[in-house]
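Q: Below is the structure I would like to discuss, written out as structure tokens.
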Ligand code: NAD
Ligand code: IPM
Ligand code: MN
């Protein structure tokens with residue numbers, strides 16, 4: 001039976017970058033990939049159409065899908081809405097609804113982009129890190145949360161950093177198994193010197209490590225990890241951390257690859273049903289200008305082929321096409337450097353299609 005892909009273009013540059021991935025997908029379909037495609041709004045687009053960022057229409061299609069491709073959500077016009085109506089809440093809601101607790105963000109430097117990074121080429125060349133970010137817990141979802149008036153009559157904002165043992169265990173298994181398939185080194189990032197939640201995290205990781213004697217587990221405080229990521233990033237193989245630290249460290253790691261426009265992601269449930277999206281946002285500053293880098297989205301499609309459809313051949317075909325286009329010297333503005341050819345978002349998509 002053919003697999004079901006749901007496409008969520010989202011907001012800002014979302015529709016532009018998703019259109020490029022769609023071109024790639026259409027070639028794969030013409031060559032025999034057996035999938036059916038549907039489309040739905042998420043985020044601001046869904047608010048505009050249905051009055052909610054993750055409306056029932058989208059929920060039904062998302063629950064029925066085998067895999068989902070998302071552009072990005074959000075935009076300044078939605079930033080003053082009530083929180084439950086904001087685009088970002090729609091994204092958090094779909095992650096939670098589908099139990100997509102394991103977020104994989106691979107930071108790989110393509111050799112052609114060694115000079116596109118703001119770091120020295122020798123610091124980043126050969127870089128290949130996998131960041132495993134827990135995605136459905138932590139301070140993002142902990143209750144209570146809100147803004148209230150305290151006993152002194154002053155307003156205060158509050159959130160709760162919280163992890164249940166089962167949530168830590170399941171992401172630990174994902175991370176250890178990912179490390180087993182790679183360089184067998186796992187660095188768990190925490191703030192155990194200050195926060196009980198992450199001290200507990202560290203304790204559980206140490207326990208789970210006994211089931212993976214072939215993986216070398218280390219622990220690092222998040223402030224040091226941020227520093228080490230720019231000092232000597234190649235010391236890392238797999239990094240695993242909670243939702244908020246993972247959000248921040250993965251944006252930081254993206255710059256090691258040349259641009260945030262290069263960093264794909266997969267958000268998986270226990271059965272490898274997944275939502276695939278670039279790690280970046282809707283980039284309102286360049287939306288509608290055909291300037292965005294679509295490669296993170298196209299590489300997210302490759303991750304879909306690999307993780308949800310178990311089709312390593314098709315995944316490599318897409319990744320090799322991206323490499324070929326970079327080798328030809330084509331660059332969107334974010335990764336442009338002298339001596340290369342600057343191309344638009346849609347021209348980059350066309351070039352990847354041509355290289356498939
Ligand atoms: P952003 O990632 O959208 O943009 C940060 C900077 O990176 C901008 O200068 C932008 O132009 C640039 N950039 C991002 N993606 C790019 C690409 N593909 N090609 C070239 N340049 C790119 O982050 P932000 O500005 O902090 O947030 C903008 C909006 O996106 C907010 O509403 C935010 O909530 C939302 N957001 C959504 C997601 C998501 O949907 N997963 C992720 C992050 C932020
Ligand atoms: C990301 C984004 C989201 C997050 C926001 C938009 C809710 O920054 O996917 O990294 O914080 O998880
Ligand atoms: Mn983020």
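For all residues, glycine too, the Cβ spot is worked out from N, Cα and C.
According to TrEMBL, the record shows the following:
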type: BINDING; residues: 75-88, 281-293; note: NAD(+) binding site
type: BINDING; residues: 95, 105, 133, 223; note: substrate binding site
type: BINDING; residues: 223, 247, 251; note: Mg(2+) binding site
type: DOMAIN; residues: 4-352; note: domain 'Isopropylmalate dehydrogenase-like'
type: SITE; residues: 140; note: site 'Important for catalysis'
type: SITE; residues: 191; note: site 'Important for catalysis'
Q: Do you know the mean pLDDT across the domain 'Isopropylmalate dehydrogenase-like' (4-352)?
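A: Mean pLDDT, the domain 'Isopropylmalate dehydrogenase-like' (4-352): 97.
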Q: If you skip the near sequence neighbours and keep only those at least six away, which residues in the chain come within under 8 angstroms of residue 251 (Mg(2+) binding site), Cβ to Cβ?
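A: Spatial neighbours, sequence-distant, of residue 251 (Mg(2+) binding site): 260, 279, 280.
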Q: What residues, ordered by sequence, lie under 8 A Cβ-to-Cβ from residue 83 (NAD(+) binding site) and sit at least six positions away in the same chain?
A: 89
Q: Using a 10 Å cut-off on Cβ-Cβ distances across all protein chains shown, tell me which of the binding-site residues (75, 87) has the largest neighbour count.
A: 87
Q: Let me check the 10 A CB neighbour count of residue 291 (NAD(+) binding site). How many other CB atoms are there?
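A: Within a 10 Å radius of the Cβ of residue 291 (NAD(+) binding site) lie 18 other Cβ atoms.
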Q: Report the same-chain neighbours of residue 133 (substrate binding site): residues 6+ apart in sequence with Cβ closer than 8 Å to its Cβ, ordered by sequence.
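A: Correct list: 103, 104, 105, 240, 241, 242, 243, 245, 246, 247, 250.
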Q: Scan 79, 95, 105, 133, 247, 283 for binding-site residues whose C-beta lands under 6 Å from an atom of ligand 3 and note them, or write none.
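A: The qualifying binding-site residues are 247.
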Q: Rounded to the nearest angstrom, how far is the Cα of residue 75 (NAD(+) binding site) from the Cα of residue 140 (site 'Important for catalysis')?
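A: Pair distance, Cα basis, whole Å: 20 Å.
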Q: List the recorded positions 140, 191, 247, 287 whose Cβ sits under 6 Å from any atom of ligand 2, in sequence order.
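A: Result: 247.
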